[in-house]
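Participant: Just lifted these from Swiss-Prot, have a look:
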BINDING   79, 80, 81, 82, 83, 84, 85, 86  ATP binding site
């Protein structure tokens with residue numbers, strides 16, 4: 001018994017000695033590098049959860065896992081042409097502005113449509129815009145904005161359009177291998193550390209290219225080298241899966257797109273969701289709420305009919321979406337309840353909800 005006690009005492013003394021040694025090291029580190037250079041994770045902002053920016057779709061917020069795009073992180077959104085990449089970023093800018101935040105758009109492609117941005121809810125009078133001439137200029141502007149600490153969201157459109165100065169100065173036929181990859185690698189090394197301190201979210205839109213000579217596996221790859229893949233905390237792949245038609249088959253009013261979380265450092269990856277994007281309107285909030293409400297049994301689907309309890313919303317998906325567009329009070333109530341279920345762990349069984357004009361008080 002005494003031997004066991006001696007072992008415990010020795011272990012405690014060893015623990016105390018190691019803690020004293022770490023404390024002395026911490027004092028020296030703070031003396032050399034400044035206060036807060038070494039702290040316990042529980043005392044730092046890192047250990048207090050991840051702040052996020054809503055994507056504008058409750059389905060995408062759930063797929064990402066933290067209620068939206070994580071702040072202080074690098075995000076890459078990539079996919080084929082006309083798949084909805086820019087729409088996702090403009091919708092995020094709209095959400096930032098709704099909550100009183102500040103957003104910036106670095107338009108390296110020189111192709112931002114202010115009319116479309118305004119239609120998606122972006123306040124173009126308050127949106128900071130830069131149309132740089134070179135890739136170096138674009139990334140330095142992004143760095144300045146991050147260091148300012150005043151910007152909540154920066155969108156870079158796109159990585160493929162970040163042309164290095166040497167490429168612009170050279171001849172059209174010059175072979176300059178790896179210039180853009182080296183540019184991206186250096187820029188990302190510089191901004192990663194300051195991003196977490198400023199809580200700025202930076203989103204890079206990227207394009208797909210085909211690898212030459214690939215016989216097996218996926219021949220697609222993104223531009224700008226591998227650095228962005230490594231530094232990104234979140235990578236979203238966006239692909240168009242079908243067209244959304246109106247009153248006739250020839251009346252195309254939008255696209256249905258699939259968003260896959262290819263990489264996620266803040267929640268489990270590889271989740272897939274489908275979004276409806278209407279031309280000139282953006283992501284259909286009501287369609288996302290309808291799908292999420294069916295998933296969590298706030299809305300019932302029997303055959304082609306959609307209902308809440310005994311009260312019918314409409315026959316067919318489009319009719320139910322139109323009903324939710326008209327009944328904004330109900331739609332807002334559904335979204336609030338869904339966020340409590342998804343992000344706060346509230347049981348769907350504890351919720352009673354119904355259309356405003358027919359809702360019955362629970363006895």
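For all residues, glycine too, the Cβ spot is worked out from N, Cα and C.
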Participant: What is the set of residues, excluding 79, 80, 81, 82, 83, 84, 85, 86, whose C-beta falls within 8 angstroms of the centroid of the C-beta atoms at the ATP site?
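Facilitator: Counting only non-site residues, the set is 238, 239, 240, 257.
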Participant: Per DSSP, to which secondary structure element type does residue 85 (ATP binding site) belong, with helix, strand and coil as the options?
Facilitator: helix
Participant: Rank the binding-site residues 82, 83, 86 by how many other Cβ atoms lie within 10 Å of each Cβ and give me the one with the fewest.
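Facilitator: Relative to the other binding-site residues in 82, 83, 86, 82 has the fewest Cβ atoms within 10 Å.
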Participant: Tell me whether residue 80 (ATP binding site) sits in a helix, a strand or coil according to DSSP.
Facilitator: coil
Participant: Which residues of the same chain, at least 6 positions away in sequence, have a Cβ lying under 8 Å from the Cβ of residue 79 (ATP binding site)?
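Facilitator: Set apart from residue 79 (ATP binding site) by at least 6 residues yet with Cβ under 8 Å, we have 85, 208, 237, 238, 239.
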